[in-house]
């Protein structure tokens, strides 16, 4: 059977206080429970270390994105090497919002996937079309292309 992993993407939500409250409630609700699946969250980058410190040990803390270049003049991005340094193993790549708002192409997604794999990290690949592609019944074709190019 394939391993299933459930990751909640927090996008640009939650303050430090809200992160602490989330994990307080989560940890209390998981007490003495047998968890039958692998699960995690992808908080905004500034909360990664806080989330790691508060999360139950079996929980995955993932990054929402990573630059495929390890360092340099890339204001506002976080590099795979910075994530690896704080022991973040999972990284979301190819999210529709990154494709739409930051013009990330299939080629950029491919570079990110390859770079993460080369550095023994795990990409969480997002594929999917937009509403126009859905209405034109091109979702399958778009997903197949994105998957192939990644």
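Keep in mind that glycine also has a Cβ here, set from the backbone N, Cα and C atoms.
Small disclaimer: the values here were computed from a predicted structure and weren't measured.
In sequence order, 41, 42, 64, 92, 95 make up the list of same-chain residues 6 or more apart from residue 9 (substrate binding site) whose Cβ falls under 8 Å from its Cβ. Secondary structure at residue 9 (substrate binding site), taken from DSSP and collapsed to helix, strand or coil, is strand. The feature substrate binding site is assigned by Swiss-Prot to 9, 11, with sequence analysis given as support.
The active site, electrophile annotation in Swiss-Prot covers 95. Around the Cβ of residue 95 (active site, electrophile), 22 further Cβ atoms fall within 10 Å across all displayed protein chains.
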